[in-house]
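The structure appears right after this line, and notes come after that.
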Amino acid sequence: MHTRAIYPGTFDPVTNGHADLIERAAKLFKHVVIGIAANPSKKPRFTLEERVALLQLVTSHLDNVEVVGFSGLLVDFAKEQKASVLVRGLRAVSDFEYEFQLANMNRRLSSDLESVFLTPAEENSFISSTLVKEVAHHGGDVSQFVHPEVAKALMTNV
């Protein structure tokens with residue numbers, strides 16, 4: 001049985017969609033590691049440390065969830081964390097092709113690493129970090145898409 005899973009991402013910022021998937025994963029696995037990718041090529045708005053802190057805040061009520069920043073290959077991070085499952089979110093059919101390729105690449109790099117795909121609740125299916133940042137950038141109210149502390153951080157980091 002798989003007891004340790006990783007939910008990787010940039011989480012710039014963490015959204016209600018991410019939080020929804022984390023809650024679902026926490027019910028399915030004994031321990032969930034949220035792996036926050038440093039990913040400097042994406043030019044994140046928040047530093048790795050800020051993203052870790054925001055995710056720790058959002059997941060503080062989940063005893064079996066741990067938040068860890070990482071750089072390098074995801075499969076190497078999974079080995080370090082002794083995880084055998086990657087949790088990935090699928091918002092729409094358009095996400096599937098990329099996620100399918102990614103799952104096959106990860107399996108090729110580490111044959112004992114499985115990918116599990118979860119879908120968010122319908123009310124979160126359209127939310128993306130990119131859209132949330134865009135709304136915040138133009139002064140829009142993002143409170144319905146992110147945790148209140150994340151909304152506050154976005155407003156001070158525009």
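FYI, residue positions are counted from 1 along the chain as it appears here.
Cβ atoms here come from the backbone N, Cα and C positions, even for glycine.
Note that the structure is predicted; figures quoted are calculated from it, not measured.
Lifted from Swiss-Prot, the feature list:
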type: BINDING; residues: Thr10, Phe11, His18, Gly89, Leu90, Arg91, Glu99, Asn124, Ser125, Phe126, Ile127, Ser128, Ser129, Thr130; note: ATP binding site
type: BINDING; residues: Thr10, Lys42, Leu74, Arg88; note: substrate binding site
type: SITE; residues: His18; note: site 'Transition state stabilizer'
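When Cβ atoms from all protein chains are considered, those within 10 Å of Lys42 (substrate binding site) total 12, not counting its own. Note: the CA-CA distance between Lys42 (substrate binding site) and Ile127 (ATP binding site) rounds to 18 Å.
Other C-beta atoms found within 10 angstroms of the C-beta of Ser129 (ATP binding site) number 22, with every protein chain shown included. Geometry remark: His18 (ATP binding site) versus Arg88 (substrate binding site), CA distance 10 Å.
The Cβ of Leu90 (ATP binding site) lies under 8 Å from the Cβ of Phe96, Glu99, Phe117, Leu118, Thr119, each of which sits 6+ residues away along the same chain. Distance between Cα atoms for Arg88 (substrate binding site) and Thr10 (ATP binding site): 12 Å, as a whole number.
Under DSSP, Arg88 (substrate binding site) is assigned to a strand (E or B) in the three-state scheme. For the binding site of ATP, formed by Thr10, Phe11, His18, Gly89, Leu90, Arg91, Glu99, Asn124, Ser125, Phe126, Ile127, Ser128, Ser129, Thr130 according to the record, the largest Cα to Cα distance is 18 Å, rounded to a whole number. A simple way to gauge crowding: the CB of Glu99 (ATP binding site) has 14 other CB atoms within 10 angstroms, across all the protein chains here.
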